Amino acid sequence: MGNELRHRTVLLDEAVESLVTRPDGVCVDGTFGRGGHSRAVLARLASAGRLIAFDKDPRAIETAQGIEDARFSIVHDSFASMRDALAARGVEKVSGVLLDLGVSSPQVDDPARGFSFRADGPLDMRMDPTRGESAAEWLARASVQELTEVIRDYGEERFAFQIAKALVARRAESDRLGPLDTTGELAQIVGHVVKTREKGKDPATRTFQAIRIHVNQELADLQVVLDAALSLLEQGGRLVVISFHSLEDRIVKRFMQAHASAPAVDRRLPIRAVDLPSPPLKIISRQFPSEAEVAANPRARSAVMRIAERVTP
């Protein structure tokens, strides 16, 4: 069975129902993946509707090119390029933006992509293997301080400093052992350092997450695309974001809350509340996968979906 067939889209019906409020509108799928959300969006759009999808992964682009629908187009780039990419296509406003964050099952399950500590493979971790610096290349040059900061901040790993020192010590042995360039060896190094075990988690989980986030600039791109989505959404348009770990969800939560609240004003100033600008967003809901979905797809367990609506022009 192919990777595409093994991928299960999380919160499929809930996300699409929240996103498509105007069937003749322009929707954006910021993370095409293997097309689960995009195909469901197309099924809900009217003939005058339009869907523009983004993805960095060349394999996702290949899958997207198999969709023969005049309403659909795919952009081979990060969703961080959304504002410019839509402007180049003459799109000024959209009725919905969907972001399904993180890695897809086919990416994790393919050892050649270097995302997983469960199977040995090249230490790559790039969403787009044709662009940028691989995990192995970064590990070959990063200082103890940089390694510590990335593993601590992006992996929330309390043994970050010890892991960083072990990685630099391994690098010093490169002349004798060769470069650190496989996921198996990275997982082994981390496992030797992290002696405690979180229930249901491999000791390398946090470090792999941190390196992947750094290599792909995931959190920086998320900040950029949230700002872009806010400016692109028409009045009544929806922003729907599915995240899978606390770092992403925290950014999304704070963004939505900040733009759904009236600006703070010193109460000593003679400004009436009615004279303040209205916040551009209204928070609609926060949703989680059902027990049935988690039972069928355990990877959905950590998912949280946040929905906000643009309420000002």
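Cβ coordinates are placed from backbone N, Cα and C, and glycine is handled just like the others.
Residues or ranges marked as S-adenosyl-L-methionine binding site by Swiss-Prot: Gly35, Gly36, His37, Asp55, Phe79, Asp100, Gln107. DSSP gives Gln107 (S-adenosyl-L-methionine binding site) a helix state. Sequence-distant neighbours of Gln107 (S-adenosyl-L-methionine binding site): residues of the same chain at least 6 apart with a C-beta under 8 Å from its C-beta are Asp57, Arg113, Phe115, Met127.
Of all the binding-site residues listed here (Gly35, Gly36), it is Gly36 whose C-beta has the fewest other C-beta atoms within 10 angstroms. Classification of Gly35 (S-adenosyl-L-methionine binding site) by DSSP places it in coil, neither helical nor stranded. Comment: S-adenosyl-L-methionine site residues Gly35, Gly36, His37, Asp55, Phe79, Asp100, Gln107; largest CA to CA distance 18 Å, whole number.
The secondary structure of Phe79 (S-adenosyl-L-methionine binding site), as reduced to three states from DSSP, is helical.
DSSP classifies Asp55 (S-adenosyl-L-methionine binding site) as strand under the three-state reduction.
Neighbours of Phe79 (S-adenosyl-L-methionine binding site), defined as other CB atoms within 10 A of its CB across all chains, total 27.
Counting other Cβ atoms within 10 Å of each Cβ, the binding-site residues His37, Asp55, Asp100 show the lowest value at Asp100.
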